[in-house]
Structures are given as structure tokens and as C-alpha cells.
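Enquirer: Following this message is one structure expressed as C-alpha cells.
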Amino acid sequence: MLEAKNLTCIRDDRCLFQQLSFCIAPGEIVQIEGPNGAGKTSLLRILAGLAEADEGQVNWRDKNIRRDRAKYHQDLLFLGHQPGIKSVLTPFENLLFYQSVFQKVDSAAIWQALAQVGLVGYEDLPVSQLSAGQQRRVALARLWLSPAPLWILDEPLTAIDKQGVSTLLALFVQHAAKGGMVLLTTHQDLGAVSHNVRKICLANTQEKSCLSACCAVN
């Protein structure tokens, strides 16, 4: 279980959220909602252990993630705004490298992941020669290879066509059905997802005081 405990985040003298607490249990899909500037990306980075909260802590399986960040990151797949892939490598080589870090290499699984994101035929091109959208799809292909139980995804559906969105949403449902956890931000309507999606809404009136920030959990 992932637990956010009394998290407060202040950026540029502005409080994005204050005393925010919630838990995510195995089998859940959770969407972080809120207007631009409400702190959605900051929250995801804090939960992923890539940024520090001004107050509070993040627990994974009842332990503060600061105690063993490396072990926590073995259980986590984080996809941010940047693809996080190596531009000098090809899509196939990027996925091969990613897979080799966590598990035994399975070339067939890599080919299947490339097929799922529509990159068969581009597997031998350096990533630097691909469009921004194609680079994004290389990053998303890691979802089909990841053994991590916790997925934290910042706008994973951006610049993805309708069929691609449907494919990704089906994968999220499949991951949750196996006991995984999916935490994401998106501007897409998830009403059609065949799985209960819990929503955490961050609201911020853009005032300087922390008292102006609030959070509602649906």
C-alpha cells in the first residue's frame, strides 16, 4: 500500500497543497485532478521519491520511502513529462536496457510491447530521429514490460490517438486486476474505464497563503 501522510508542498512561496493524506491499496486506479498549477505533477514527483515535501512523508508498505529509496524504486514505474529514454539508443535497445535491469531479457515481450504502441518498423532507428510523440510511445512501451506493482504516471494519455488511449486504459485495468496500483494525472475522461477509478482533487485559489489550498477526495 502507498500512503501519503500529511503532505504539504510549497513552491515559489505558494502553497500547492497542505496536510494531504490518502492511501492507495492494491487493485486501485486513482486519478489526481485539479486545475493547472494545483500541484498535480509536484505531488506525483513527491510520491515517486523524486522531490521532497515541505512537510509530511510517503510510506510504501508501511515504511518511509526515504529509508530505502532504491528498494522502493524497484517496486515503482514512474513516467513523467519527459520520456526518460536514451536518445542515442534505438527503441528496441531502450526497452532491452530497461528490461535487463529488473528481469530476464525476453525479446518476444519487447517486440510485443513495440507492437502495442505502434513502433514496429521503427525499432532500429535512434530515438533522436523519432518525433516527440514516438519518443513518448517508447517510454509508454515500458508499461508492458514492467514487473513493478506501483505505476505513477503523469499525463500518460497525452498525444495518444483514440485507439492508443483505449489500449492503455485496458492495460491499467489489467494491472489493477492483478493487484497492481495505478496513480495518474490526465485530462482525458476516464468514465468509460471498466474499473472503478477513485479521484483525488487538488484545488488551489492561487493565493499566497497555505490556508487557500484544499483537497477533496472522492
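The backbone N, Cα and C atoms fix where each Cβ goes, glycine too.
Found this in Swiss-Prot, in case it helps:
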- 2-217: domain 'ABC transporter' (DOMAIN)
- G34, P35, N36, G37, A38, G39, K40, T41: ATP binding site (BINDING)
Enquirer: I'm checking region-level scores; what's the whole-number mean pLDDT for the domain 'ABC transporter' (2-217)?
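Expert: The predicted confidence over the domain 'ABC transporter' (2-217), as a mean pLDDT, is 90.
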Enquirer: Can you tell me whether DSSP puts A38 (ATP binding site) in helix, strand or coil?
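Expert: The residue in question, A38 (ATP binding site), is coil (DSSP, three-state).
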Enquirer: Count the other Cβ atoms sitting within 10 Å of the Cβ of A38 (ATP binding site), across every protein chain shown.
Expert: 21
Enquirer: My understanding is the cutoff is Cβ-Cβ under 8 Å with a sequence separation of 6 or more in the same chain; which residues meet that for K40 (ATP binding site)?
Expert: I32, E33, G34, D154, T185, L202
Enquirer: Fewest other CB within 10 angstroms, which one of the binding-site residues G34, P35?
Expert: P35
Enquirer: If you skip the near sequence neighbours and keep only those at least six away, which residues in the chain come within under 8 angstroms of T41 (ATP binding site), Cβ to Cβ?
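Expert: Correct list: G80, H81, D154, T185.
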Enquirer: Identify which of the binding-site residues G37, G39 has its Cβ surrounded by the largest number of other Cβ atoms within 10 Å, counting every protein chain shown.
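Expert: Per the Cβ count within 10 Å, the most buried is G39.
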